[in-house]
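To keep things clear, I will list the structure first and then write my remarks on it.
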Ligand SMILES: [Zn+2]
């Protein structure tokens, strides 16, 4: 059974190639020439949240970075390199941080447990909790509190994107990218725009974190 499932992927791949070529004979030729995606999407690694699919976008449209609970960490060379490349070299117009309700990473961070290697990673979310503990602890319903932490985590990770020199420099020079915070709802498939006030956050941030 596991082997069948594995082989199925290659069968699927062949069908996918055929369907793409059926609608456009030069599909792969054009794609292989280069990429100019408008979006950088930073999302959770959760298997239920496929970036391109939920946005209805095609290969070539979105530069994607995913990790556990969509964290943008200052010393994470992986994530920081993705932001640098997408903003400075690909010139993306929008940077999206997309969390999702029902996020296992965020839920784990809310529990008092030793999660081994994940402790350090999830501490980023515990920091978000600490920053907003007054608001969060005033929410009695546990699910509602957890949903709010998902949103606040997205908001804080957006702020972390805006703290980067590459975003501040590009925005100052070209007027983009702008940064957006979204939450995907696993239960109905809809994306919710948190309407992050990019200009205000940038202004506030630049009082302390001005780099550019
Ligand atoms: Zn998640």
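Note that Cβ sites are derived from N, Cα and C of the backbone, with glycine treated the same way.
Pulled from TrEMBL:
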BINDING   44, 46, 100, 103  Zn(2+) binding site
For residue 103 (Zn(2+) binding site), nearby residues of its own chain (Cβ under 8 Å, 6 or more apart in sequence): 44, 46, 69, 150
Extra residues within 8 Å (Cβ to Cβ centroid of 44, 46, 100, 103), Zn(2+): 43, 45, 48, 49, 69, 70, 99, 102, 104, 105, 106, 150, 184, 186
